[in-house]
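**Student:** A single structure is presented below for examination.
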């Protein structure tokens with residue numbers, strides 16, 4: 001049996017240079033190769049004209065450059081594109097491209113499904129199968145860049161921002177997320193500014209500390225409730241890492257971060273008559289008083305079977321005004337791609353659920369139905 005080839009999309013620059021040392025080559029050759037892969041989108045070693053033929057042959061014998069394929073895509077009326085990315089075993093994750101006047105953002109997934117069980121999120125209802133590999137994470141960017149068109153003559157890429165806000169909890173896949181983000185930030189990788197790469201987390205505090213020790217990117221935190229009692233229901237990981245513990249971890253992260261410019265982005269989904277009262281707005285402002293932040297209010301995006309409704313514009317406006325009375329910067333997120341189920345909280349993919357979460361939920365619903373009848 002032939003030896004399995006090394007997928008170069010799995011290697012950050014440190015690992016790539018180690019490979020080249022093993023091949024008896026100088027470190028700058030690894031930098032050249034990364035530039036071909038990430039600046040120009042090249043996957044055929046024979047096209048890498050500044051790498052000598054002998055080395056190209058060595059690489060072809062031991063290595064490959066393989067990104068997951070796009071299975072299908074849908075385009076929204078607002079220009080948002082949702083991609084279904086095939087990751088093997090009949091499974092798909094979803095990646096969303098969001099074009100704007102001054103930027104083009106790609107929302108990237110980190111897990112097949114999600115290991116957490118946030119009750120307002122479609123991904124969480126699908127269950128969880130596994131973590132994505134480095135190549136499956138950066139491969140989403142690489143593949144969508146191909147779809148949009150690498151500028152092979154200049155090396156200019158069509159994606160300016162990446163947000164780790166797709167399917168999954170990134171901090172539960174740090175072993176792959178950190179090298180993937182290293183590649184995003186690397187001058188020889190996707191060459192993105194650390195302020196243009198954002199990781200969103202629901203609050204796995206020990207992993208947040210590890211992230212802070214490893215690299216500096218913009219941080220968004222999923223709060224969604226102003227107290228532990230409600231957050232235990234909406235974001236069950238709160239039972240393990242309650243709000244004050246999470247906020248302390250956030251403060252530790254931004255204290256040593258340049259990417260965040262001294263404050264974090266708080267994400268707060270607006271659920272009708274669940275977490276959107278004026279009293280809860282006052283409570284949220286008090287909660288965040290010692291944690292420098294801006295607040296991103298996210299109108300809830302319904303999905304089939306969701307137990308929640310979207311807050312009315314008047315309730316969102318009233319909530320926002322209360323927060324601003326405390327001097328907080330508040331942004332109401334513009335919903336993008338909801339007509340193709342590509343908006344925040346709507347990503348589902350195609351998952352073989354190892355947790356049996358969806359099956360258990362259906363069983364419980366059937367039991368309730370039988371009892372009521």
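Backbone N, Cα and C define each Cβ position, glycine as well.
What Swiss-Prot records for 94 is active site, proton acceptor. Annotated active site, S-methylcysteine intermediate per Swiss-Prot: 344, in sequence order. For 114, 118, 121, the entry in Swiss-Prot reads [4Fe-4S] cluster binding site. What Swiss-Prot records for 168, 169, 200, 222, 223, 224, 301 is S-adenosyl-L-methionine binding site, and it gives sequence analysis as the kind of evidence. Per Swiss-Prot, disulfide bond is recorded for 107-344, and the stated evidence type is sequence analysis. Under the heading domain 'Radical SAM core', Swiss-Prot lists 100-339.
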**Student:** To what whole number does the mean pLDDT across the domain 'Radical SAM core' (100-339) round?
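**Tutor:** 94, rounded to a whole number.
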**Student:** What whole-number Å value do you get for the CA-CA distance of the residue listed as 'active site, proton acceptor' and residue 107 (disulfide bond)?
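**Tutor:** Between the alpha carbons of the residue listed as 'active site, proton acceptor' and residue 107 (disulfide bond) there are 9 Å.
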**Student:** Using a Cβ cut-off under 8 Å and a sequence separation of 6 or more, which residues in the same chain sit near residue 114 ([4Fe-4S] cluster binding site)?
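**Tutor:** 121, 123, 124, 126, 128, 167, 168, 169 - these are the non-local Cβ neighbours of residue 114 ([4Fe-4S] cluster binding site), listed in sequence order.
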**Student:** When the number of other CB atoms within 10 A of each residue's CB is tallied over all shown chains, which of the binding-site residues 118, 121, 223 has the maximum?
**Tutor:** 223
**Student:** How many other Cβ atoms sit within 10 Å of the Cβ of residue 94 (active site, proton acceptor)?
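**Tutor:** There are 25 such Cβ atoms around residue 94 (active site, proton acceptor).
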**Student:** Count the other Cβ atoms sitting within 10 Å of the Cβ of residue 169 (S-adenosyl-L-methionine binding site), across every protein chain shown.
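**Tutor:** I get 26 for this one.
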**Student:** What does the structure give for the C-alpha distance between residue 200 (S-adenosyl-L-methionine binding site) and residue 107 (disulfide bond)? Integer Å is fine.
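**Tutor:** Cα-Cα, rounded: 11 Å.
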**Student:** Within 10 Å of the Cβ of residue 168 (S-adenosyl-L-methionine binding site), how many other Cβ atoms can be counted across all chains shown?
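**Tutor:** If we count other Cβ atoms within 10 Å of residue 168 (S-adenosyl-L-methionine binding site), we arrive at 29.
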**Student:** Quick one: pull the CA-CA distance for residue 222 (S-adenosyl-L-methionine binding site) versus residue 118 ([4Fe-4S] cluster binding site), whole Å only.
**Tutor:** 10
**Student:** Measuring Cα to Cα, how many angstrom lie between residue 301 (S-adenosyl-L-methionine binding site) and residue 107 (disulfide bond)?
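**Tutor:** With distance taken Cα to Cα, residue 107 (disulfide bond) is 16 Å from residue 301 (S-adenosyl-L-methionine binding site).
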